[in-house]
């Protein structure tokens, strides 16, 4: 305690003498000793240096010869301590040694060696404690143990790395007093002697001083009356076991001097084998085991260092081994024979198995016994003689002989008196002994009974105080993704709200009048109500919209003079209103109070009055009104039941069975069967408008009684006719539909009306009146009746004879049905040009079919599967490598022992996520990917799937990031349960004060690793959540802004490991390569990013498409199928979006066709709307672009035969590709291109939605002089292959093709089809027709269901294992 103060003074004093030196030698020539001991021995510079190894003066005796603790077969060290080192306190030193020698010996130990540094990793050995131990198991619970931490381990030698330090001030005063023997005089410096501290000295012999330690310390004040002071608590002395941890509480300004005086007066404990209870039972320990046994620890330290047994060490130090137990200490054997007997029993009479410390302590007689004395003296002599800078070494020329003599006269008394306030006459000259005439003898030898008791803290929770922080930290981290998800949801809602507001405002502006609105509840049925907004106007209609602004219901008031309204009159219930419009469903509204209903009625009456209409109000009760209310939901359910019963009655018939009559039905369906269909409901079931000619004619045919409604029996008769009827029956229906005046013949005018209706159904207007007349004439002529002006039924059958087979399976496709009643027994593709002979499948076992299916899938996706396999193998390999390293190969660190398997999992996850996050950069290096497509390497890498691969890698990174985060939450919990001394092994980068207890909050928020980890988790959550398809589609700018955080993601990832808490940073190893490539890729994109291109032309096209034509930058090279990223300087200049170029590479301009779907594209369309556009001469809008980048369709020219499938706005790449194709083939520009035949399939709901593309196709057809291109167009809107309407359209189309060599719907040579293509049949047709090639490229672009269906068809055809093989490339739009 405080001894370091005067030790420092002594060192300074010697330094003052050192600088004097020889007057004849310049001071700069005098060598100074290094503080760390290096180069003391010039031949062996590391001898005696700091942190050098202990030396072996005896053979090692580890249990396994290398590492395992010695003495595995010896008794528990605690049991030995209890039996041999327990005794009476308060016996004074027989040689009058003072307590100064005991505590100064501790200072010497610290200067010479650092003997008990913990190992890294911390190796805990359990010292067994007997049941009912008087100190440690007073409750007799058993299974108790005392923790013992092994010293540090050196892999190459099995020795402890400790730091011997020269301390020559104590050689001639302390050591003789301690040993009771003189030290031979210094002769010379001996460079051949190793100064290393020996194991036997460090682990056993020098620990003899522990027997001198008293249980307390006297405090003596200044003055000749020798005042011995009381402690703050009123006791006579400081109790050791009460001041192990709170020494600062008892230290005052003058406490050091009081201690010095007290130590000089107080006698040490008796020199024997007994340790006082304060160090034997109450030595300080870790908080979880606050009291330990120093005697047991000393024994264990010898075993830890692999010391041999007591007799072996005696032989090594040239002492005769003992042959009997009594020879260890003959005097002790006489005085305490029971002690020798206990010793013998504990070691099971194995004399050559005694622990060195036990044997050496039992030798004690008035001081260290012969063995300990020999070990200690040998150690200090070696330290002295091997020290080149020893003060007595005259050869080093540091001191003159006179100065050396002066130094020899310096005693510890001189240092105390000169370095403190202790006066010369207050302590004796020889402070290590107190003789009879020395000043101020102690009042009495201290005993534990005279001092304050010691508290025994039997356990401590290091996690205490961190509970709240840990819980809130976990909640915080869990809340981050929830908050981000909430922010994403709010963003989508905000964007939707803005769009709704804009839409409402635009509607009002377009209509030129405002719309009156009111919030109410719409009653749908007994258990369902919804909040809606009722809007009056702007036309003669009342509509309800939901909170999204979507129109839910419209009540038309056209042709209505008086509107009937029913009002409930029950004051105890919420008021309701029923609006009963003619020819429509009832609208039932509920109000919160009567005032709200009155307000609604007033608004309704005002609205009706403004349109010169009136309201008829009827009062009724609620139950009756709701029972009779015919709401849309009720009506819909009734209609569904209507159709279901009709189909059940029809398709449940057996051959020859007659149809069931209405009266034969059960009573449960009578009400439904009494339901009748209006013309509007019938049109709705067909997916058409009520005023269509086809609907009116068909309705008149079905409505046999002409009452304006179709009864159940009438509908049932029609269903039976279409499902079971003959071809003549079906032809008769068509004839009757065309015979409008019911005179039994069809004239050309009536046929013309029907044809026009079919043209309207097909949503096209390309057929003129003259073309319709020519079509009718051609149909008459082909039937051989061109001389007639009208058709009889027989003439009509003659006209339709070549289509007789088509009428076998036709029916009527109703939307209201849960199932169609169309006969699919002849379900062959209505694509005559693709007809192929049916290939009989062999009857194979399902196992072989399954094998073929799997083999085909793997073959079709072999590249994707291979690279995914490689990716996951590498990812898992990186994980396993780190996992194994930290699980089995990191014993030099303490991470594994403190954190358990958690550190292995988190470090493995860190390696995997580092790999994934770095790989993400390569998947987004668009210029690199585009360039690779120009080389043959692209045949071996699925570059088209880089976006999908990006998503897979990102999701994998997300998994490992979550695993890493959760793992570290567990790890930080474990770290927070450790004492500070254990954390030294955790990391060398963080230092803690001895009284500091870092909490979870410290690790999470006050370390670089923890803080950057939290930030990275937040960034990761924002990026991943805002990458959700819904947010990307509805709020793209927020998705894009969130994705720009990737820069901070990588910056903080690089910083994350710099603190080295769990090891050296490794993220940079994965990042540096992809990071450089991605940076160069972004730099390349900058060449056009800020180049502003003038817009040549803009055009608004149907289906919310806008065409933008702009100048082509110099040296801008691209291929057809490439895409670019665009932004417009008129708004959101930094927001770029991806679009395919629709211009061909040979054209000197660039163009894109952009469909308005998201916020940015709508804003673009509205900006260039002629009604909104304001031309700015000074700052006109311009286009910025990045790219071009490679797309999935750019490799079309590498296949001799190619199939291209475009759906929706996905046709945009083919606008460029087809134009490029026909230009190259017609001009022989692409003579080296492999492509010789291209099949293009365009799938769209109606032609009208993409009229601009028809113009492109028309131009392509005109330029296609080599007939390299064959096109087919599929109209998918509600038509079924075998629907009556579809059959009639095919007939008309066939005649029109014969007449004008083009389609009546598009004006193109391309063949039109109604319904979706049978891709499997089509590909089999292409496979058979082009069997001379080995592979055919299939390219598709459009919505995900489209590309997926094409991919499935390719796999199905490839499953046949026939050539050619189909290779599918695709892009997803929309």
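Keep in mind that glycine also has a Cβ here, set from the backbone N, Cα and C atoms.
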Between the candidate ranges 840-861, 928-949, 1038-1059, where does TrEMBL place the transmembrane segment annotation?
1038-1059
Where TrEMBL places transmembrane segment among the ranges 802-822, 865-885, 1075-1095, 1096-1116
865-885
Can you say which of 741-766, 767-792, 897-922, 975-1000 is given as transmembrane segment in TrEMBL?
897-922
Tell me, how many other CB atoms lie within 10 A of the CB of residue 210 (heme b binding site), whichever protein chain they belong to?
23
Would you call the transmembrane segment (897-922) and the transmembrane segment (1038-1059) in contact, using three or more Cβ pairs under 8 Å, pairs 6 or more apart in sequence?
yes
Quick one: average pLDDT across the domain 'EF-hand' (726-761), no decimals.
72
Please check if the transmembrane segment (952-973) comes into contact with the transmembrane segment (470-492), where contact means 3 or more CB pairs closer than 8 Å and the residues in each pair are separated by 6 or more positions.
yes
For the transmembrane segment (1038-1059), could you work out the same-chain residues 6 or more beyond its ends whose Cβ comes under 8 Å from its Cβ atoms?
488, 491, 914, 917, 920, 987, 989-990, 1007-1009, 1012-1013, 1015-1016, 1019-1020, 1022-1023, 1025-1027, 1031-1032, 1065-1068, 1071, 1075, 1135-1136
Reported in the order helix, strand, coil, what are the DSSP residue counts of the domain 'FAD-binding FR-type' (1088-1195)?
11 helix, 43 strand, 54 coil
Taking DSSP helix as H, G and I and strand as E and B, the domain 'EF-hand' (726-761) has 26 helix, 2 strand, 8 coil
